[in-house]
Amino acid sequence: MPAFKTIDDLNDIAGKRVLVRVDLNVPVADGKVTDATRIERVAPTILELSSKGAKVILLAHFGRPKGEPVAEMSLSQIVPTVEDVLDHAISFATDCIGAPAADAVAKMNDGDILLLENTRFHKGEEKNDPAFVEELAANGDIYVNDAFSAAHRAHASTEGLARHLPAYAGRTMQAELEALEKGLGQPVRPVVAIVGGAKVSSKIDLLMNLVKKVDALVIGGGMANTFLAARGTNVGKSLCEHDLAETAKQIMIEAATSGCAIVLPEDGVVAREFTAGAANEIVDINAIPADAMVLDVGPKSVESIKAWISRAETLVWNGPLGAFEIEPFDAATVAAAKHAAECTKAGKLVSVAGGGDTVAALNHAGVSDDFTYISTAGGAFLEWMEGKELPGVAILTTAK
């Protein structure tokens with residue numbers, strides 16, 4: 001990964017106006033933030049800049065307002081939570097450009113923190129419109145991007161600003177990039193990837209990229225059924241994309257060419273209905289009843305997955321192994337996650353995980369603090385796993 005500048009490269013920023021792109025796209029119900037994780041992740045960058053005397057000006061999007069103001073998507077509603085997390089007063093401007101923003105910035109003292117209104121209230125944000133970028137840049141001397149989760153978008157506040165102002169990575173961005181470099185950029189081998197989830201169709205690029213980079217690819221979740229069916233296994237009524245059999249075969253051929261082992265379930269936990277406490281049984285993967293569906297990988301498969309994790313120096317994980325939301329179909333995901341956490345805590349494994357369902361599954365297993373790094377970035381994490389260039393990251397390595 002090319003070098004990029006971080007906050008460590010910033011000298012004497014007292015009095016400087018620092019535009020900080022953060023991810024504050026948090027879930028809100030009845031006007032209250034229900035999960036402040038994303039705010040907590042960017043707090044260190046904000047507070048470090050403030051403590052050094054910078055005038056910290058926060059840029060963020062919230063929801064999809066489609067280029068015009070929508071009251072329910074105003075960032076004003078999250079100000080109290082941001083203040084609670086930072087333990088620091090913040091002011092709010094009713095626009096991210098124009099007089100409201102300029103006036104609010106002009107009133108700032110050194111160390112103050114200002115949140116500007118939702119950047120997506122303007123069409124220029126998602127279009128990366130040069131005129132809009134210039135209006136944003138007018139309020140800053142320095143640009144810091146701490147929103148890896150939005151780095152796959154070439155928007156005005158994530159990519160355009162880095163062309164106008166000296167650009168640096170914030171602490172969250174820095175930690176994410178360093179963790180991802182350990183995961184797939186320059187990993188210690190052997191590297192094992194676990195990919196689960198419902199559908200192959202949403203992860204074709206990811207799987208094709210991984211088989212060229214990892215030593216073993218463990219496939220679980222509903223997508224394993226598509227690979228099993230492509231191999232000639234009868235998967236009963238299991239979720240399966242039969243029309244992607246040829247794609248699955250191509251991925252397996254590419255894996256063989258690249259020297260990547262494909263690890264598929266040897267047994268499964270099957271049920272006739274997908275409900276909590278449904279009657280279920282463990283069957284060999286070649287003996288799935290015609291009227292049943294596989295909802296989790298079985299204990300023999302779990303032991304195999306744990307053995308692969310034990311052999312690995314690096315683990316990259318995206319997607320659960322089974323329908324973890326409903327017991328007892330969470331057993332395999334929990335067992336594998338706990339084993340990976342134990343190996344990580346023992347200093348034997350670098351473990352990097354990401355993706356919405358993955359984060360939820362690892363939280364469910366109670367091990368989210370025990371992995372080397374868990375990305376909350378969603379789409380950006382997936383595009384990184386697919387081997388795609390992320391505009392918001394690429395510009396940091398070439399910015400003036």
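Just so you know, the numbers here start at 1 and follow the chain as drawn.
Cβ from N, Cα, C; glycine included.
Same-site candidate for ATP binding, as annotated by Swiss-Prot with Lys203, Gly355, Gly356, Asp357, Thr358, chosen from Glu176, Glu325, Glu327, Glu389: Glu325. The record from Swiss-Prot ties Asp23, Leu24, Asn25, Arg38, His61, Phe62, Gly63, Arg64, Arg120 to substrate, and of the options Arg17, Arg153 it ties Arg153 to that site too.
Here the binding-site residues are Glu325, Asp357, and the one with the most other Cβ atoms within 10 Å of its Cβ is Asp357. Secondary structure from DSSP puts His61 (substrate binding site) in coil. Among the binding-site residues listed (Lys203, Glu325, Gly356, Asp357, Thr358), Gly356 has its Cα nearest to the Cα of Asn25 (substrate binding site). Here Thr358 (ATP binding site) is compared against the binding-site residues Asp23, His61, Gly63, Arg120, and the shortest C-alpha distance is to Asp23. A separation of roughly 18 Å, to the nearest angstrom, links the Cα atoms of Gly355 (ATP binding site) and Gly63 (substrate binding site).
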